[in-house]
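Here's the structure we're looking at; comments come further down.
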Amino acid sequence: MAAPLILVLNGPNLNLLGMREPDIYGHGTLDDLETLCAEVAEGAGLSIDFRQSNHEGELITWVQEARQSAAGLIINPAGYSHTSVALMDALKTLDIPIVEVHLSNIHQREAFRHHSYVSHAATGVICGLGFAGYRLALLALSEILEEDEQ
């Protein structure tokens, strides 16, 4: 049987990881994060499709396409967390587990970052743990999918 596919979506400015505000987001790059996710997924018996876009519409299209192929979804919506009702609406159409991930603790930052529309569609939320948040999200999805099979 093929490994369940987890779609890992990264929103705007995450292509600048390692360069943009490393005191907040760390020194690791998006490539480093993708490598980590691939290693964790393989160890958990999952496969991943890892993507990044600075464009809201592209993220929404990928979410809509996930209905056909993904067993679970991890999303770091970045700045769209606080602004995108459309992304939230697209996520709500999915019948798969969704984990929202943020590298920083959005609740320790500016007040406008404390609210996430995406959280309304997420099964769970992990924030403030840096790259480890993605590892935990993958492991959580692996457990959720195993429980669903039983």
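Note: Cβ is positioned from N, Cα and C throughout, glycine not excepted.
Values in this document were obtained by computation on a predicted structure and should not be read as measured data.
Summarising the annotation, TrEMBL assigns site 'Transition state stabilizer' to Arg20. Taking Cβ-Cβ distances under 8 Å and a sequence separation of 6 or more, the neighbours of Arg20 (site 'Transition state stabilizer') in its chain are Asn13.
DSSP assigns Tyr25 (active site, proton acceptor) to a helix. If you look up TrEMBL, you'll see Tyr25 marked as active site, proton acceptor.
His82 (substrate binding site) has a Cβ environment of 16 other Cβ atoms inside 10 Å. Feature annotation from TrEMBL assigns substrate binding site to Asn76, His82, Asp89, Leu103, Ser104, Arg113.
Among the features that TrEMBL reports, active site, proton donor is placed at His102. Spatially close to His102 (active site, proton donor) yet at least six residues away along the chain are Asn76, Ser81, Val125, Ile126, Cys127, Gly128, Gly133, judged by Cβ distances under 8 angstroms.
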Among Tyr25, Asp89, Leu103, Ser104 [recorded positions], residue with fewest other Cβ within 10 Å: Asp89
Three-state secondary structure, which DSSP defines for Asp89 (substrate binding site): helix
Closest of His82, Asp89, Ser104 to Tyr25 (active site, proton acceptor), Cα positions, binding-site residues only: Ser104
DSSP three-state assignment for His82 (substrate binding site): helix
